[in-house]
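Encoded as structure tokens, the structure appears first; notes follow it.
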Amino acid sequence: MISPGLCNSTDSQPTCLNGGYVDPLNCTVCKCPTGFAGDFCQLIEPSGALKCGGLIPTTSKLTRMKITIAASGPERRKCVYHIRSPPRRRVMIGLQEIRGVCQEGCYNTAVEMKMIGDFRPVGYRFCCNSHSFRRMLSRGRNVPITFFARNSTLEVILYFRWVVLTPDAEDARYLNATQLAEVYTQSDADNGKV
């Protein structure tokens, strides 16, 4: 049997932000999507025991971010950041390198980026080395990013900056033409060694 919630339509309910919704068991606070906290989902989710996380404003120049999280037990360790651009700008993120446990769904060790502006669903998750060298453009000016690890180590290097909104910003060809780095494969045979 499902018990009904404690809220009713005549109660004064809070205005939930960032995709949060009224907690049916406590009508005065909101349930927040990952990356957010506070009674109204107005704050950045705390990173727990790790001393990391917070707001990082973007600039027009590339900013490099390197994160390493080691978790030796089953408890998930995480760092939550929000990368924010100025008004009328978007966030461009280049995922240069990722080392973690490569598994379908990336549910134990990964970096998760909420790029689409709707913060309710799970964001894009990356955990495999093959996920490196990707470039993404946010739909809004705020990008919650969660780095997390369980029973392993996660290492991520990414770059970000703000970009001006342009008519071709939604065009996938624009993203493909502006990769952060070209990838070249070289083997010992290329160096005259067999």
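Just so you know, glycine gets a Cβ as well, placed from its N, Cα and C.
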Identify which of Cys32, Cys41, Cys52 is listed by TrEMBL as the disulfide partner of Cys79.
Cys52
Residues that sit under 8 angstroms from Cys52 (disulfide bond) by C-beta distance, when 6+ apart in the chain:
Ile67, Cys79, Tyr81
Overall pLDDT of the domain 'CUB' (52-167), taken as the mean:
92
Helix-strand-coil residue split for the domain 'CUB' (52-167), DSSP-based:
4 helix, 64 strand, 48 coil
